[in-house]
There are 2 protein chains.
Amino acid sequence: MITPRTPSGTLELLPHDQIAFQRMLDAIRAGYERFGFLPVQTPVFERSEVLLTKTGGETERQVYFVQSTGALEKTRGAAGEGADDGEHAAYPELALRFDLTVPLARYVAEHENELTFPFRRYQMQRVYRGERPQRGRFREFYQCDVDIIGKDQLSVRHDAECPAIIHAIFTDLAIGPFTIQINNRKLLRGFYEDLGIVDGDHQAGVLREVDKLDKRGEDYLRTTLTGEGFGLAPDVVERILEFVQVRSTGHDDALARLAAVEAASSGSAALAEGVAELREVLELVRALGVPESDYCLNFSIARGLDYYTGTVYETTLDEHPEIGSICSGGRYDNLAGQYTRSRLPGVGISIGLSRLFWQLRDAGLLDASTSSSTVQVLVPQVDAELLGDQLALASQLRQGGINTEVVLDGGKLGKQLRYADRAGIRFVAILGRQEAADGTVTLKDLRREDQFTVPRAEVVSALRVELAQPLV
Amino acid sequence: MITPRTPSGTLELLPHDQIAFQRMLDAIRAGYERFGFLPVQTPVFERSEVLLTKTGGETERQVYFVQSTGALEKTRGAAGEGADDGEHAAYPELALRFDLTVPLARYVAEHENELTFPFRRYQMQRVYRGERPQRGRFREFYQCDVDIIGKDQLSVRHDAECPAIIHAIFTDLAIGPFTIQINNRKLLRGFYEDLGIVDGDHQAGVLREVDKLDKRGEDYLRTTLTGEGFGLAPDVVERILEFVQVRSTGHDDALARLAAVEAASSGSAALAEGVAELREVLELVRALGVPESDYCLNFSIARGLDYYTGTVYETTLDEHPEIGSICSGGRYDNLAGQYTRSRLPGVGISIGLSRLFWQLRDAGLLDASTSSSTVQVLVPQVDAELLGDQLALASQLRQGGINTEVVLDGGKLGKQLRYADRAGIRFVAILGRQEAADGTVTLKDLRREDQFTVPRAEVVSALRVELAQPLV
């Protein structure tokens, strides 16, 4: 007998939670489709040579390789025969994707001539990382990505679509108030250039330290940046500290902050470009109907140091800042330089749904949405002799588009009702002798603790009316 | 520069086809939910010891093992140091699932105390097999499974739900007329027992030969079964040939066929049980509203020889028998004997959607459904100065639940309209100077080649009316 165990580092859910998870997936997908994005799915594995072109050391160590039994035996056979290490250092042919960006780059480069640009795609699939298992860290997790890819160029106007998408989706998900924080890498680069921190590595080093502000505090930063390694002047450090603490408090305040940054600049072209891009993005975000309370400038946001080149986004829950960013992304210059000579600039965002779901559940923020089943009606077995009528009623409900479970094993009605209640099934459609004689059905609303009898021909329309009314 | 290539043996689709594929997935999921099944997803990999308990040689050879870089290097290091082969013969810890049945068995056994029985779950995920790549054979493919699992027992009534589900889903998919073919393994076993073919291996050998009837013909079967290996009498072979060619032509004919088989029996208890089960299943399938033209008895169906124990199903497209069974399944005695001492009988069906999609596309049966995009409306850029109005219109449409793409890069209107047409976007919502002055929007219906102007406040309701009308 083998002990049945889920592999560690995966988020396997019981049906109740899986329903809540699917509702979130559905809401995100509906949001992406509402903004005119097309679906793409790629295989779970890629050819290793495709997957490993772009990665640094850390990601590469976390890659999961895939080998069939035959391939595995071949490798081992060769090793057993004392073949040299050089041969074995070659990777297996296939590996599981560790994000959705590399597969997107491969997909766009491979199908370049069959796609229309700007190419707007969404992709919601699981990705894999061989992390050490620990609380809240997953080896398998969903990413829900949306990207707009241009050919040769892509107007910065598209950068305004991302906040609008984030706003629509997190409003639908109803997990509390949130703020979309916007910054621009050109602005950042220009700001540091103006301070004389021009060299790329130097700048990256400073940014890495600045990123520790929340954890280590201002004094750590003052000591470190004025110290030997960086050697910045104290007033330069104060300007950095002031800069990274900028959060705008409304649309006009955001524009004023940009004007102030521009006025204080000693003339960096990058800074001017970043300011101009942010201005345009902010205007269009407002034109797209995002309320000004839901977005702000945050000059501390940098995101991945190598990848993003323009606008960057992070999103936080106002009442749960400890969860960190729930949706991030940004603008990049060239998606697929490893696979094609075409220049493919893009902008996109990603929601790490497995981690978000886990955190929301952990924080007790999922209660309301998990209490209802996908099953809308239970047809209990009241009288075994009426089984045929009971099945006909179930068919009638299903043909009316109502998700219906029918009890085929019998048992006491009270027990069947308790099952429905525990399972989160809201309605019970009872067809007993009396109802059969009258041509009616008795509908029990377990949520409202209410019941009423309707003619059998009207059972679908009656339930539809009930289901359409929100439960307060 | 790395050549971007999709791994072989996978079905990666362009967005147009992906939309058609998703519509099929959605229809199947909606069908499963309408019948009261709950969603389950399991990790793509299982622990190898869990996955390999049940498999025979063929499946085991096709398993894909998964190893992180670290684990891979460890194995190789050990091999390099000359450790003995015995140690290396152990499999890596994880492997990709090759079906959804083993993960279901593990899931139910692991979460037994947290589930309610009968447990009704659907699962639609990809599975992996290290097949040799060939036309129409996939290494990664979707299975869409639905199963009802009982604890200790499960009424045969549940066997009648499967044909009803198949009927509902393939009616919705609208890929042409189909027939659900039903048989029963007990009936089969009893029939052969009556003929004196009692021994399990002997019976399995005969069944394997009978399965070749379509390919090899009757004469091959006569020669083989009366030959040395089997030694059956000629009249026994004739009775077998007659039996396996039984196809009922309606509900009453099906019952008559059962009566005839029972009358001809020399008293096998298994046969009597199989006949009784089939009778009950047929009655309830009819009570569930499946038209009698859409199901039949087919005594030639056996399915997997080891796994199924009672009712078995296959489904074929009437106009495309060459595609083979598009949905199969059956009743089994015990789902998870390797993982738990509880007896878990079940019944279920599976749709191999990747293969089905590929075959339907190959046969040109997908044309109609692939011609429309998920994007319902395009808002073109008519006048750059009206960008703000254009974005506000897009927001209005999206808030009204309409999937809307907005053109942000400009270009000639004619080109934008041609893009919408080619992309399968049915409506274009034009907001030019005239419309802005009048407070209107001009809606072009590219499918009907029609256009009309509506007040801006009514654009959502006007489009909803249009979208709700079927295009004939």
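Using N, Cα and C of the backbone, Cβ positions are placed for all residues, glycine too.
Automatic, uncurated: that is what TrEMBL annotation is.
According to TrEMBL, the features are:
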type	residues	note
BINDING	A:D99, A:L100, A:T101, A:R129, A:Q143, A:D147, A:R303, A:Y307, A:Y308	L-histidine binding site
DOMAIN	A:33-380	domain 'Aminoacyl-transfer RNA synthetases class-II family profile'
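Features as recorded by TrEMBL, highlighted on the structure.
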{"residue": "A:D99", "record": "L-histidine binding site", "Cβ contacts under 8 Å, 6 or more apart": "A:V127, A:Q143"}
{"residue": "A:T101", "record": "L-histidine binding site", "Cβ contacts under 8 Å, 6 or more apart": "A:D145, A:L335"}
{"residue": "A:R303", "record": "L-histidine binding site", "Cβ contacts under 8 Å, 6 or more apart": "A:R185, A:V312, A:E314, A:S328, A:G329, A:G330"}
{"residue": "A:Y308", "record": "L-histidine binding site", "Cβ contacts under 8 Å, 6 or more apart": "A:R185, A:G330, A:R331, A:Y332"}
I want to verify one value. Collapsing DSSP to three states, which class is A:Q143 (L-histidine binding site)? strand
Helix, strand or coil at A:R303 (L-histidine binding site), per DSSP? coil
Mean predicted confidence [pLDDT] for the domain 'Aminoacyl-transfer RNA synthetases class-II family profile' (A:33-380): 91
Return the count of C-beta atoms lying within 10 angstroms of the C-beta of A:Q143 (L-histidine binding site), excluding that atom itself. 20
